[in-house]
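Participant: First, the structure itself, so that you have it in front of you.
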């Protein structure tokens, strides 16, 4: 790595050293008037057209850290999204029965604290109720289920949720990267995505509608498939507004070539007239972590926000959580951890300093 890399790390360390009293013990999560500004304050002060936010998990709704969790959340971010609470199995667990309690609670918190909210997600192949997965459907009856679900949920939140991940992870990882085999694709057919977006637009004409996926961040075979998918939708007049790039990365994979490939990919999507959002960013570190790993992670976060902000059609930058205490990573990547910008005690890591330092530029 070159001289510029290490200079950037030293500058990030200097910023981090100035974050005295950030953590909950000092009240800087949201109550202490002498606390350093949160990320959202930097965005506001600099006049940046940027939604910066995080996924919100179970700690928001209760538990020993709930108050600290909420204080950090409202201090740092201007946008939130439910990690799981608005997925199909949670929001419509029984046919025709909709449970909006947890989504409503987060939305009320967001509104009270001047934050926007994203909706995640309406159509996915996972976290669906058994009645949906085991039902005997025809094309017509399943289209009716899809329409009822999308429009009931979106009309409930109409005018109050800024962006929706209408469809999530619909491209297969296997050879050819065709449409994933799901109940939607197999019963309705390949046009199910067109209908999902049309139903969504009917329900809330003002919300931005996104297709969201992982592994399609750089220019590669999977992102080529996503590009073909959304280009075709645009050509057919389907009301899609943007592409969400999840951005779940390993700390070692974000070198200059990969970053250039991500930049090129973002450019080709925006040239279709689409917005691009970073929807689920985290950068995991292989265990056991050393000081150098956290320095590299900090530089990776800095490079991602810099790359993203370089394109005017990119205005939403979301992380999949904010504290390593409540990250999904250890459960799914057992050899990795520490993927977020705050540690298990809600204290800032070098990644936080790098991210904030880049916003201050």
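Note that Cβ sites are derived from N, Cα and C of the backbone, with glycine treated the same way.
Sequence annotations record features per position, and here TrEMBL assigns active site, nucleophile to 280. The annotation domain 'GH10' is assigned in TrEMBL to 33-358. Marked as signal peptide by TrEMBL: 1-28.
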Participant: With every protein chain in view, what's the tally of Cβ atoms within 10 Å of the Cβ of the residue listed as 'active site, nucleophile', excluding that atom itself?
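Facilitator: I get 23 for this one.
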Participant: Give the mean pLDDT for the domain 'GH10' (33-358) on the 0 to 100 scale.
Facilitator: 98
